[in-house]
Amino acid sequence: MSIMDGGNQSLVSEFVLLGLAHSQNIQALLFMMFLMLYLLIVSGNIVIMVLITFDPHLHSPMYFLLANLSFVDMWLSSVTTPKMITDFFRENKTISFAGCMCQVFFAHCIAAGEMVLLVVMAYDRYVAICKPLHYFTIMNLKRCTGLVLTSWTIGIVHALSHLVVIVELPFCSPKEIDSFFCDMPLVIKLACMDSHNLDILMYADCGVVGVTCFILLLISYTYILITVHQSSKAGASKALSTCTAHITVVMIFFVPCIFIYVWPLNITWLDKFLAVFYSVFTPLLNPAIYTLRNKEMKNAMKRFINTYRDFQGKS
């Protein structure tokens, strides 16, 4: 990697985000839309965490992992969405160097952690369906907690591997990022050096986490679907419904991430759409998919509403 002529090189204090649109009318429309979506994301995931925490019927390994997924989803969206929303009414959409590095770190930390967590959830379903008699012995609270901590550890290590490289890069003017947040591939493009080797390093790093998790998920759900196919219709129907929800979540999260960080298409408008999809729509769809397709969650919601009504009636 050779550093280019340092004429334009300077110490960077901030970057300029070009955002999603330039028209004031479109930005006003996007502001209202993403504000509503973000409020739904936060409230929806908080509701899931509250229900699972306080309803004894949901104190099982699957719901413990689901509560952790809701926590991760809420923060995945919070890394970029609030900044994007406030920027719609700002003429100068700038972000400090420190803020930019924080976005890079937390976006990759949380995304990688969620990938590993989805693998853990697939393993949980594998044990529940393929080894039902040993389920509560294998998926005890200690092991579930350890697996969740492992997902966070992998996420932190993955994010740090990016941060230690990008924070030392020399950047050149103009320091414009054609997106609504500091996305790793776009920040690398601003470096005053040949970024080809850096791109390969980033794709390899993301590929190790993303592709490995995706392959493990495919193997897990293949085993599960084969087992379900061989099972009785009564048990198979419930298991298939749960697995369908899990597979849907996996696809809507992994596909955008793979096309941004592992197999990039380098089409600006498509990259923006995919970034919005995995940072806004995935955290929004997850609670909807798990609650609308899950009988236990719907019953827990009814019990929570009835308890709240009874409390209000007594007061």
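Every residue, even glycine, has its Cβ placed from backbone N, Cα and C.
According to TrEMBL, the feature domain 'G-protein coupled receptors family 1 profile' maps to 44-290. If you take every residue in the domain 'G-protein coupled receptors family 1 profile' (44-290) and average the pLDDT, you get 87.
For 28-51 (among others), the entry in TrEMBL reads transmembrane segment.
Long-range Cβ contacts of the transmembrane segment (105-123) within its own chain (Cβ-Cβ under 8 Å, at least 6 residues beyond either end) map to 62, 65-66, 68-69, 72-73, 75-76, 79-80, 147-148, 150-152, 154-156, 158-160, 162-163, 181-184, 209-210, 213-214, 216-217, 220-221, 224, 246, 249-250, 253-254, 257, 278-279. Among the features that TrEMBL reports, transmembrane segment is placed at 105-123 (among others).
Residues or ranges marked as transmembrane segment in TrEMBL: 144-167 (among others). Long-range contacts of the transmembrane segment (144-167) within its own chain (CB-CB distance under 8 A, at least 6 residues past either end) are made by residues 61, 64-65, 68, 101, 104-114, 116-117, 120, 123-124, 184, 187-188, 198, 201-202, 205, 209.
Residues or ranges marked as transmembrane segment by TrEMBL: 200-228 (among others).
Here TrEMBL flags 240-263 (among others) as transmembrane segment.
Within its own chain, the transmembrane segment (275-293) has Cβ neighbours under 8 Å at 20, 34, 37-38, 40-41, 44-45, 47-48, 66, 69-70, 73-74, 76-77, 79-81, 107, 111, 179-181, 183, 241-242, 244-245, 248-249, 252-253, 256-257, 260, 301, counting only residues six or more beyond its boundaries. Summarising the annotation, TrEMBL assigns transmembrane segment to 275-293 (among others).
Packing against the transmembrane segment (28-51) from elsewhere in the chain are residues 20-21, 58, 66-67, 70-71, 73-74, 77-78, 81-82, 84-85, 88-89, 280-281, 283-284, 286-288, 290-291, 297, 300-301, 304: each is 6 or more residues past its ends and has a CB under 8 Å from a CB in it.
Long-range contacts of the transmembrane segment (200-228) within the same chain: residues 112, 115-116, 118-119, 122-123, 125-126, 129-130, 154, 158, 161-162, 165, 184-185, 188, 236, 239-240, 243, 246-247, 250, 254, 257-258, 261-262, 264, each at least 6 residues beyond the stretch ends and with a Cβ under 8 Å from a Cβ of the stretch.
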